[in-house]
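**Q** Residues annotated as GTP binding site in Swiss-Prot: 15-22, 62-66, 125-128. Residues annotated as domain 'Era-type G' in Swiss-Prot, with sequence analysis given as evidence: 7-176. Among the features that Swiss-Prot reports, domain 'KH type-2' is placed at 207-284. Under the heading region 'G1', Swiss-Prot lists 15-22. The annotation region 'G2' is assigned in Swiss-Prot to 41-45 on the grounds of sequence analysis. According to Swiss-Prot, the feature region 'G3' maps to 62-65, an assignment based on sequence analysis. Feature annotation from Swiss-Prot assigns region 'G4' to 125-128.
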Amino acid sequence: MTESTFKSGFVAIIGRPNVGKSTLLNRIVGEKIAIMSDKAQTTRNKIQGIYTTDDAQVVFIDTPGVHKPQNSLGDFMVKSAFSALHEADAIWFVVDASMARGRGDDFIIDRLQEVKNTPIYLLINKVDLLAPNDLLDVIASYQNDAPEWAEVFPISATEGDNVPELLDNIVSHLDEGPQYFDADQLTDHPERFVIGELIREKVLQLTRQEVPHSVAVVIDKIARENEEKIHIQASIIVERPTQKNIIIGKQGAMIKDIGTRARKDIERLLGDKVFLETWVKVEPRWRDRPQALQTLGYRQEDY
């Protein structure tokens with residue numbers, strides 16, 4: 001292989017909340033870089049996952065699920081999602097095969113129809129939950145009042161069904177280009193960001209109601225104490241004292257469970273033993289305060 005035959009490009013992944021975008025990205029790169037949860041709006045930043053082979057590199061942008069904004073953070077998330085469309089060489093629009101086409105899908109489709117000269121793929125995800133005879137009806141429901149799809153792929157991000165074929169297809173359509181990142185690099189986000197997201201994932205998995213959406217995580221310190229252990233200090237940010245009490249739990253049981261689960265994932269990520277300390281802090285209405293959003297890493301100029 002010569003450098004002139006190397007292919008590369010950027011692919012934006014967009015869709016409603018909870019259709020499996022982050023699961024698909026993690027399936028492709030083979031590591032957990034985007035957090036997953038049954039809560040809507042899990043992804044808040046555009047996560048760039050990097051897939052590299054001997055002759056190609058695809059940089060994937062996993063956008064926040066598009067929803068009606070309820071606060072400044074929500075507005076940031078939606079703007080972040082649509083800005084990715086203008087950066088991409090191709091777009092993957094992911095829908096949930098187990099759910100009927102809805103207003104959220106139509107809202108995204110309207111924006112996709114404004115995109116010119118960029119191939120748009122329709123990915124029908126979660127086909128493992130669908131009766132085989134129903135697949136054609138699902139595909140047909142996305143043919144009217146929609147862009148002309150470059151390709152339609154039924155997939156299961158969870159099981160991996162048809163994902164290798166999808167990757168082969170997108171690589172075949174890329175133009176020749178440079179290798180933007182080292183072959184062993186899986187994301188362009190710094191280590192602190194990914195660690196913080198792994199902690200936030202555990203909060204999302206273990207709490208309910210308004211608590212998951214009110215949480216941010218700040219990594220205060222990462223220090224290697226010796227050759228075998230990494231010391232991490234993290235602050236879990238909430239908006240109200242009642243939320244702080246929920247996350248701490250009775251006699252500290254909840255915060256201990258969050259820390260234990262997060263530590264295991266962080267150790268797998270870093271390949272070393274981790275000593276994780278977590279604190280819970282109250283920042284009133286941080287989701288509606290632009291300065292607080294910037295401090296916590298949601299910076300519009302980055303997107």
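Glycine is treated like the rest: Cβ placed from N, Cα and C.
Values in this document were obtained by computation on a predicted structure and should not be read as measured data.
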**Q** Please count the residues of the domain 'KH type-2' (207-284) that DSSP assigns to helix (H, G, I), strand (E, B) and coil.
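**A** Taking the domain 'KH type-2' (207-284) as a whole: 32 helix, 29 strand, 17 coil.
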**Q** Looking only at the region 'G3' (62-65), report the model's average pLDDT.
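**A** Averaged over the region 'G3' (62-65), per-residue pLDDT gives 62.
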**Q** Starting from the Cβ of Asn18 (GTP binding site), draw a 10 Å sphere and report how many other Cβ atoms land inside it.
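**A** Taking all protein chains shown, Asn18 (GTP binding site) has 19 Cβ neighbours within 10 Å.
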**Q** According to DSSP, collapsed to three classes, what secondary structure does Asn18 (GTP binding site) have?
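**A** Note: Asn18 (GTP binding site) is coil by DSSP, not helix or strand.
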**Q** What three-state secondary structure does DSSP assign to Val127 (GTP binding site)?
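**A** It is helical.
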